[in-house]
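Novice: Feature table excerpt (Swiss-Prot):
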- Cys91, Cys96, Cys99, Cys129: [2Fe-2S] cluster binding site (BINDING)
- 55-145: domain '2Fe-2S ferredoxin-type' (DOMAIN)
- 1-52: transit peptide (TRANSIT)
Amino acid sequence: MASTALSSAIVSTSFLRRQQTPISLRSLPFANTQSLFGLKSSTARGGRVTAMATYKVKFITPEGEQEVECEEDVYVLDAAEEAGLDLPYSCRAGSCSSCAGKVVSGSIDQSDQSFLDDEQMSEGYVLTCVAYPTSDVVIETHKEEAIM
């Protein structure tokens with residue numbers, strides 16, 4: 001009687017390198033996917049990527065007109081400074097009038113400010129240091145004397 005032994009072969013794949021394929025925007029090799037696609041990544045929301053609105057903000061200054069792009073969650077003064085504009089400001093908290101401007105067209109959210117009264121806001125005055133764009137907007141700058 002002949003007996004045969006069956007042997008089983010064990011193959012280990014632990015030595016093989018696993019290549020990952022990009023599965024999220026963060027894993028793409030671009031330096032700044034936010035500016036590339038107009039997206040914002042937030043780790044506070046579990047790493048989700050959300051679309052952010054970007055608006056054109058035109059500043060009418062004593063030196064002329066200049067236009068910058070501003071995301072909906074960025075103060076217009078900050079966007080102006082990032083673009084190299086030199087606009088007046090002092091407190092950066094919406095509690096003085098150094099950065100005052102006047103909205104010519106468009107709309108802004110300045111709910112963070114505590115200086116302007118309802119009448120001044122209804123006339124279009126804005127504190128650029130605490131104003132978010134909610135549409136494309138045109139703002140005349142250097143209006144501190146007009147509200148005093």
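Placed from the backbone N, Cα and C atoms, the Cβ positions cover glycine too.
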Novice: Taking the center of the Cβ atoms of Cys91, Cys96, Cys99, Cys129 at the recorded [2Fe-2S] cluster site, which other residues in this chain have a Cβ no more than 8 Å from that point?
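Specialist: For the [2Fe-2S] cluster site the neighbour list reads Tyr89, Ser90, Arg92, Ala93, Gly94, Ser95, Ser97, Ser98, Phe115, Leu127, Val130.
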Novice: Counting across all protein chains present, how many other Cβ atoms fall within 10 Å of the Cβ of Cys91 ([2Fe-2S] cluster binding site)?
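Specialist: If we count other Cβ atoms within 10 Å of Cys91 ([2Fe-2S] cluster binding site), we arrive at 14.
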Novice: When DSSP is mapped onto helix/strand/coil, what comes out for Cys99 ([2Fe-2S] cluster binding site)?
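Specialist: It is coil.
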Novice: Within 10 Å of the Cβ of Cys129 ([2Fe-2S] cluster binding site), how many other Cβ atoms can you find? Include all protein chains, please.
Specialist: 25
Novice: Which chain-mates of Cys96 ([2Fe-2S] cluster binding site) that are at least 6 residues away have a CB under 8 A from its CB, listed by sequence?
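Specialist: Set apart from Cys96 ([2Fe-2S] cluster binding site) by at least 6 residues yet with Cβ under 8 Å, we have Ser90, Phe115.
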